[in-house]
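Some features that TrEMBL has for this protein:
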type: TRANSMEM; residues: 7-29; note: transmembrane segment
type: REGION; residues: 115-136; note: region 'Disordered'
type: REGION; residues: 214-234; note: region 'Disordered'
type: DOMAIN; residues: 265-319; note: domain 'Multidrug resistance protein MdtA-like C-terminal permuted SH3'
Amino acid sequence: MSVVRTVVFPALRLLVWAVIAVALVVLAFRGGTGDSADSGPGAPALDLGSPAVPVTRGTVTNTVSVTGTVVADPAVPVKATAAGTVRRLLVAEGATVTAGQALLEIRFEEELAPVVGTDPEGNPTSTPRPPRVRTATVPAPAAGTLDELDVLVDQVVAVGDEVGSVSPGTLSVTATLTQAEQFRLLAPPATAEVEVQGGPAPFTCTGLTLGAAPTSGGAAPEGEAPPVQGGTGGGTTARCAVPAGVSVFPGMGATVGVQAGTAENVLVVPITAVQGSVQTGNVWVVGDDGAEEQRAVTLGLTDGDQIEIRDGLSEGEQVLQFVPVPDDTPVQDPMMGGPYG
């Protein structure tokens, strides 16, 4: 029995592994000889080329949807309108004010021209006059709440000094745009449709503007995340005003939809068929003989799936569905180009 355990069983184990190895080698070599079932006369040929699609007519609606945030509009600074001394404060902090309402008085002196004349001997004289004391009021720059009045009576101020701030008490919706979204909003409308998660029904946000987002310095408006320090820039931000009476609060998330035009019954192709996406581009036209021709086209609106062709193609022409890759484009070996290769 000891001979069976020490000699026969190990020999059988080696024989089984040898049979498995031979079978794997046979399968590997036969798989690459072309003798498989797909080499028969009825097997379809493998086509690695880009398929062709026709130029058709359709409707393109350029709607850009981005994620935004409800923010409080920043306070408007109150600036001194004269150089002098604060005479009195007319409004207390926290009070509701109207645009143009007087907030404080500044006392200043106005120099007067001297009195000229002649003395008894006929010589010209010039007699100085004491300055005239006047007062000027500093108005509220906007309607809202007087958040701060940072001056004291008898304090000396100069023209343009910031002496307080008024919070308008209004809200806006802001959203950061990607580069592709900016190109789709070269001519933005004045309004946007906003939907606040868990809030009221979708509403129209007015006064839509596009501008540079803050990149450094200063605090972000309430409800808006501060810019990341050390970044490459703040990008472009879309901003529009929340209408009065809409119940939303700073910090709430929102979806902003901007419809920047609709083109009906126009020539369209898939966006994957065009090299370029704004104003001009290139397509590859497939002729009746199968030859491919690169052609410049004028582009219009896009909805992200298809794009309007304003000039350069005719209805029914065939174009490659995908922009061809040059033959000399390096292809990375998937076995060598992994994150650990």
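Note that the numbers count up from 1, one per residue, in the order the chain is shown.
In case you wondered, yes, glycine gets a Cβ from its N, Cα and C as well.
When the region 'Disordered' (115-136) is classified with DSSP, helix, strand and coil residues number 0 helix, 13 strand, 9 coil. Sorting each residue of the domain 'Multidrug resistance protein MdtA-like C-terminal permuted SH3' (265-319) by its DSSP state yields 3 helix, 36 strand, 16 coil.
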